[in-house]
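Visitor: Could you have a look at this structure, given as structure tokens, before my questions?
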Amino acid sequence: MSSKRPSTDGRRDLANGSLSSSPEEMSGAEEGRETSSGIEVEASDLSLSLTGDDGGPNRTSTESRGTDTESSGEEKDSDSMEDTGHYSINDENRVHGHSDEEEEEEQPRHRVQRKRASRDQDSSDDERALEDWVSSETTALPRPRWQALPALRERELGSSARFVYEACGARVFVQRFRLQHGLEGHTGCVNTLHFNQRGTWLASGSDDLKVVVWDWVRRQPVLDFESGHKSNVFQAKFLPNSGDSTLAMCARDGQVRVAELSATQCCKNTKRVAQHKGASHKLALEPDSPCTFLSAGEDAVVFTIDLRQDRPASKLVVTKEKEKKVGLYTIYVNPANTHQFAVGGRDQFVRIYDQRKIDENENNGVLKKFCPHHLVNSESKANITCLVYSHDGTELLASYNDEDIYLFNSSHSDGAQYIKRYKGHRNNATVKGVNFYGPKSEFVVSGSDCGHIFLWEKSSCQIIQFMEGDKGGVVNCLEPHPHLPVLATSGLDHDVKIWAPTAEASTELTGLKDVIKKNKRERDEDSLHHTDLFDSHMLWFLMHHLRQRRHHRRWREPGVGATDADSDESPSSSDTSDEEEGPDRVQCMPS
């Protein structure tokens, strides 16, 4: 993969880099200002001792003249100076004595004043640059491609057979999103959301180890059950074409489990089908397969799971970069070519594999890799927290921690640059999700550490919707409805929120600029310390976890879910290590 950077990297790019100079450049500049200011003060003070064209006597020569006034050379110098400057040597020494004292008093004051002026100027420049950056992100939107009145007229005339389909991807509806209601049933952070194929049910998984299946319209749970996991449930998904009878789940304990649901609205049982040696954050479903799916874990392993087999899981690939394993946070199958899948994790590369062509002896089995060129050799520890294919598989969206969201063309060659970039949010505190919204993937939606939900128009990269989504401070999960203009979200709060375009007027994006400024400042400050994912917020999570630990313990009853015999189907050891099972649930690490 090419590691060349664009030739413009050396210039100050507000969109791609920091708004201010590096600390080393700032300190060097201030030292230069101090040195020059000291010279200016000395020259101005000493110039008072002469009225001639000279820049002022040298301090060493002044001392020599004061100690040896009998020499002929000094007399000649003194005579000539008296003729030109009208001062005697003694007068000159007195003047210099006073000027030295004044200089010692004035220099610190001048230095402080210049430092203050320099800081004020730098602050003013940074603020102006930040304003320019925010303005560039909130410019006027282009004309919408879909308008309600002409579309309604066409439907009346029978010339538009796909009115609902087109309306769901219209900007005007997205700009009218408002909170409809919340679904309350969990006692911990809600880490995963997934609609069934018909869009009638919504599954949610939580730190409380439960999975709830909702009738989201009636605001009632259809069923809830213990997942069988021993730590935070990170994902729960309906397998397609299974009659909503099978749920696949993964969690922080590294287990991949399958739940069988009955028509009587209860969970018959759950069983473990795979075991990672680290947390498993994401599952990847094949669009039409009720039996097969993929899982990825922080152990860098991708499992392919076929429920028709006696031993369902088999190791597909171990993700590596130069013989070093790369822990994985996210995985997604290309909906247009189900042989291909993409993964992302603890480095800056999006990796695409083809299940038919994986040869770990050749390029570690990777078909191709993508990465924003400015991050290829960056010292910042970039991680991919989530990636997702568009509806037709032509585009690939990747969200980076403490960076931006990037759109790649999945058909481009290895090492290709991104084609779009989406900015304004903050992705630092958790493994945050990102998604497309709209039947044709017209929009990009992401949560943020500031507790807001951001929606960008994919084509223009402009923010078109901005909603307060979580009182706890972080929005992690965003799940679009498969057929309707509805969005489900969750985060640190213990409920699920349902959004629909029912507002009387389009959003005015109130407070957006202030939030963008705050997110940008915090990100720039954190980038100076090069903190790794989770480090800056781990203490906060641990404290939050300890406050809820006693409340969660009552859900950790033995004998729930799969029995020990079920674990025999795991491709790895059935005895998980202390590292895998021992830690209590850490609050809201996933999306």
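Every residue gets a Cβ built from N, Cα and C, even glycine.
From Swiss-Prot, for reference:
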- 1-14: compositional bias 'Basic and acidic residues' (COMPBIAS)
- 65-99: compositional bias 'Basic and acidic residues' (COMPBIAS)
- 118-131: compositional bias 'Basic and acidic residues' (COMPBIAS)
- S21: phosphoserine (MOD_RES)
- S22: phosphoserine (MOD_RES)
- S99: phosphoserine (MOD_RES)
- S123: phosphoserine (MOD_RES)
- S124: phosphoserine (MOD_RES)
- 1-140: region 'Disordered' (REGION)
- 552-591: region 'Disordered' (REGION)
- 185-224: repeat 'WD 1' (REPEAT)
- 323-363: repeat 'WD 4' (REPEAT)
- 470-509: repeat 'WD 7' (REPEAT)
- 39-50: motif 'Nuclear export signal' (MOTIF)
Visitor: Which bits of the chain, at least 6 residues beyond where the repeat 'WD 4' (323-363) starts or stops, bring a Cβ under 8 A of a Cβ in it?
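Guide: Those are 1, 278, 281-287, 289, 294-302, 304, 316-317, 369-372, 375-376, 378, 382-389, 391-394, 396, 398, 400, 408, 410, 431, 533, in sequence order.
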Visitor: Can you work out the mean pLDDT of the predicted model over the repeat 'WD 7' (470-509)?
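Guide: Summarising the repeat 'WD 7' (470-509) by its mean pLDDT gives 92.
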Visitor: DSSP says what for the repeat 'WD 4' (323-363): how many helix, strand, coil residues?
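Guide: With helix first, then strand, then coil, the repeat 'WD 4' (323-363) has 1 helix, 19 strand, 21 coil.
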Visitor: Mind tallying the repeat 'WD 1' (185-224) by DSSP state, helix then strand then coil?
Guide: 0 helix, 22 strand, 18 coil
